[in-house]
Amino acid sequence: MLRLLALFLHCLPLVSGDYDICKSWVTTDEGPTWEFYACQPKVMRLKDYVKVKVEPSGITCGDPPERFCSHENPYLCSNECDASNPDLAHPPRLMFDREDEGLATYWQSVTWSRYPSPLEANITLSWNKSVELTDDVVVTFEYGRPTVMVLEKSLDNGRTWQPYQFYAEDCMEAFGMSARRARDMSPSSAHRVLCTEEYSRWAGSKKEKHVRFEVRDRFAIFAGPDLRNMDNLYTRMESAKGLKEFFTFTDLRMRLLRPALGGTYVQRENLYKYFYAISNIEVIGRCKCNLHANLCTVREGSLQCECEHNTTGPDCGRCKKNFRTRAWRAGSYLPLPHGSPNACAAAGSAFGSQTKPPTMAPLGDSSFWPQVSSSAEAVAISVAVPSQAKDSTLFELKPRSPQVIPIEEFQDCECYGHSNRCSYIDFLNVVTCVSCKHNTRGQHCQHCRLGYYRNGSAELDDENVCIECNCNQIGSVHDRCNETGFCECREGAVGPKCDDCLPTHYWRQGCYPNVCDDDQLLCQNGGTCQQNQRCACPPGYTGIRCEQPRCDLADDAGPDCDRAPGIVPRPDTLLGCLLLLGLAARLAC
């Protein structure tokens, strides 16, 4: 009976598929043991576990009460938003509630009554944990979709942000980018950030409501239109750099930059029809457990993986104590169909089960100790001792080669899972980690390498404890940043990565002072400022800001040039000539 049960458990992963089994009990020549497989949690509606934040304060309508109109009938403004009345209030929670059939509930912003000041809103969705997208993100807007919007993501619980996708009715005008569609991207560019015009152009507030972040279109590049070739998708997830991470985040943020305009320009006489209204946000995905768990549950108010393979942490991102014989690694989808678990292991165990530790070899037996394989590594772990001068009366140091020893043999060696080897330098009485990984450095791999900074939301033994600074090469002084991830910017550059400019500067392969603007550096004599870089002067004027009349051209002289038919010299020119003639006459005498 036990043999039949073991056979059933062994065959179960073969028929279940989709990486949903983490381990099975098998019988081997050495006896029964666990066999591990790469595994992942089931797909779920992530919006059921999200925390939402709407900024700035006061952007939600109803305090004070406010009336608003629709684009279809802008002069019938009988609708009202009142936060004190439950029937008329539109709080943020209505973006995630379950709606009765035929009755839409929605969050709504204030109207654009303060035009021309921008009407902008940030909607941040936080899970306090890494999650992975498996389907499109779909945002449903009532009363029209925004004409300009940015979707951003964070990998560190909202400390830093990066663009995910740009949306605009004119991508070139709004962001200086050409419009593209996800379905038209190549396999090598499937994880690139793009700007789309598909979801921003006016088509009626009731006809087109949805704005999408297209995950399925990107998957289809590898798995086919019907997503039937998932084996190819899983293979590319492992082989294509950055593809798997592209669908991973801890937070999403929608930056609503300009509301629906009804297909026209802003009409100042009726600003009560311009606002944002969102009735639903659908996010389909799963907990990111690094292929070390098939369950994800809510604990202490947050999603957490139920880790297998002797791993631990919210994302199964580190090895359990006493299972750190080798450095932690994420599981892999390859080889198909069950992948590689890359389980953490105790000393002497192939799969991570606790076994009897190996017998210690005598210190003189060099075959027990792993050998340093490269000269570069040897330099990194040894200390050179200078030769003693003949007339020295101090003391003599007898250099000895440092011993590189497996980590489990050192009680004082803690590398936080970033190395599995230590070196003991006896004449310094120092135990230090060797070959720190995951962009760490230091005696215990406790510091980040230059060009990286500490991830405050990760434990010290997390693989993602160090985040790359990613400083803009042109806008920053160097590639290093401070402990919060902010880079040191050159003059005129701003932003965490120095990839933006002060309002007094413009970007052109670096930040340069504005030549003109619409505030203080005005173009004169009817000139127009073009992208803060130059003034386009009308006929008859020249200069940096069109301040100089062009008196040198008879057919193109400005009104400040005194001229008549035949180009009569100006009075001040005649006076100068007379003075010169008088001076010449005196000298001749």
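Just so it is clear, glycine is given a Cβ too, placed from its N, Cα and C backbone atoms.
What you see is a predicted model, and the numbers here were worked out from it, not measured in a lab.
Within the set Cys296, Cys305, Cys344, the cysteine that Swiss-Prot bonds to Cys319 via a disulfide is Cys344.
Feature region 'NGL discriminant loop III', per Swiss-Prot, maps to range 264-267 of the set 92-95, 240-243, 264-267, 432-435.
Segment annotation: Swiss-Prot labels region 'NGL discriminant loop I' over residues 69-88 (candidates 69-88, 129-148, 389-408, 529-548). Looking at the candidates Cys296, Cys307, Swiss-Prot gives Cys307 as the cysteine bonded to Cys316 by a disulfide. Recorded disulfide link (Swiss-Prot): Cys471 to Cys487, out of the candidates Cys466, Cys487. Of the listed cysteines Cys296, Cys305, Swiss-Prot assigns the disulfide bond with Cys289 to Cys305. All chains included, 23 other C-beta atoms sit within 10 angstroms of the C-beta of Cys511 (disulfide bond). Closest by Cα distance to Cys471 (disulfide bond), from the disulfide-bonded residues Cys413, Cys511, Cys537, is Cys511. Around the Cβ of Cys537 (disulfide bond), 22 further Cβ atoms fall within 10 Å across all displayed protein chains. Secondary structure of the region 'NGL discriminant loop III' (264-267) per DSSP (helix as H, G, I; strand as E, B; remaining residues coil): 0 helix, 0 strand, 4 coil.
Considering only the disulfide-bonded residues Cys77, Cys195, Cys422, Cys516, the Cβ with the fewest other Cβ atoms within 10 Å is that of Cys77. In the predicted model, the domain 'Laminin N-terminal' (35-286) has a mean pLDDT of 90.
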